Amino acid sequence: MVDTGEAEKLFTRLRDATDSKSLLRKHLTNNIFAQLKGLKTKFGGTLIDCIRSGCENTDSGVGVYACDPDAYTTFAPLLDAVIRDYHKVSELKHPNPDFGDTDKLDFGNLDPSGEMIVSTRVRVGRSHDSYGFPPVLKKEERVEMEQKTVEALKKLDGELKGSYHPLTGMSKETQKQLTEDHFLFNDSDRFLRAAGGYNDWPTGRGIFFNDNKTFLVWVNEEDHLRFISMQMGGDLKEVYTRLVKAIRALESSGLSFAKRDGLGYLTFCPSNLGTTLRASVHIKIPKLSQTPDFKAFCDKYNIQARGIHGEHTESVGGVYDISNKRRLGLTEIEAIQEMRRGVEAVIAEEKKLSGQ
Ligand code: ADP
Ligand code: CIR
């Protein structure tokens with residue numbers, strides 16, 4: 001039996017937050033709440049596990065997390081509506097993966113002058129298909145997943161070859177330095193914390209990277225796995241090509257990833273579903289970012305601006321993180337092209353505003 005008393009309390013808190021703009025508040029209607037509040041997934045997850053973060057943090061943008069892969073079925077009346085809204089799709093018909101032909105990409109360095117783009121990063125998320133997400137995960141399961149992942153990572157070779165560094169036992173100074181340099185995650189996101197994302201912290205978490213830190217894997221941060229390719233400057237072609245190579249190598253290393261027809265690869269946050277791909281640049285845009293139309297400009301190109309220390313952080317010195325917003329309903333190569341067009345438009349506009 002599900003204790004619906006707590007769900008009722010959270011729901012009241014959400015309804016009372018009349019200034020909340022979250023997708024959770026928009027789509028969790030009285031009817032849908034009544035329909036879902038007593039249900040449980042195959043992993044034992046409840047509606048509370050999915051909505052706690054958005055009810056406790058009514059300033060959320062999305063506000064909902066999937067407690068496990070099965071939540072996308074059990075709680076579909078809520079999650080489908082949020083997914084459609086976030087990714088701007090009318091139907092949940094995600095295409096098969098298509099990374100394009102990386103030998104024939106029609107882009108290279110988005111800022112050959114090197115004046116505006118500080119660094120470029122592309123990441124995807126993956127989930128082991130037999131485990132739940134943070135709210136329903138047990139400590140032993142997290143450790144088991146970590147071991148499986150490390151076994152697979154050991155098989156990488158060439159440019160991708162690297163070593164694994166568990167958070168347990170890592171000195172505070174090393175963690176701080178890796179985080180400041182934009183390589184490592186930490187436990188400072190209150191949205192993720194409320195969703196159970198830091199349960200049993202730091203057990204089962206860690207980071208893998210190659211010698212020059214251009215290919216990295218986050219283990220048990222928000223998602224079970226995040227594969228990341230990054231480097232200084234604006235060479236999107238090189239960064240993307242390296243990531244595609246890594247995804248292919250890891251797919252054939254014995255790991256099996258959660259995927260669903262129509263939704264693509266499954267992730268903890270519905271904003272990451274589908275391709276799970278976020279391609280970003282850290283870019284100097286002191287002029288454009290100060291215009292009142294900056295948000296509208298980003299919306300027009302389906303791009304999103306974040307601060308330079310990750311989501312929910314502030315910009316420093318006019319440098320913003322600009323990335324593709326949509327990850328579902330388009331292929332990987334289309335998501336990259338959407339980001340590329342957005343970044344090119346941002347560069348052109350910044351130059352125009354600077355009188356160049
Ligand atoms: P994600 O949703 O991709 O996990 P976050 O917004 O939480 O991203 O950022 C994760 C980390 O990646 C942060 O430290 C952020 O500064 C870093 N990062 C993101 N994009 C870039 C980039 N283009 N260059 C350097 N670091 C980046
Ligand atoms: C929120 O709802 O604001 C947080 N739970 C984070 C959601 C992920 N954000 C995004 O825009 N991709």
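Glycine residues also receive a Cβ, built from the backbone N, Cα and C atoms like all the rest.
What TrEMBL says about a protein is an automatic prediction, not a curated fact.
The domain 'Phosphagen kinase N-terminal' annotation in TrEMBL covers 6-88.
Among the features that TrEMBL reports, domain 'Phosphagen kinase C-terminal' is placed at 116-353. If you average pLDDT over the domain 'Phosphagen kinase C-terminal' (116-353) in this model, you get 96.
What TrEMBL records for 119-123, His182, Arg226, 278-282, 306-311 is ATP binding site. DSSP assigns Val122 (ATP binding site) to a strand.
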Residues near His309 (ATP binding site) by Cβ (under 8 Å) yet at least 6 apart in sequence within the same chain, in sequence order, are His182, Val316
One finds that other Cβ atoms within 10 Å of the Cβ of Arg226 (ATP binding site) number exactly 22
Note: in the chain of Arg306 (ATP binding site), residues six or more apart in sequence with C-beta under 8 angstroms of its C-beta are Ser280, His312, Thr313, Tyr320, Asp321, Ser323
Top of the binding-site residues Ser119, Ser280 by count of other CB atoms within 10 A is Ser280
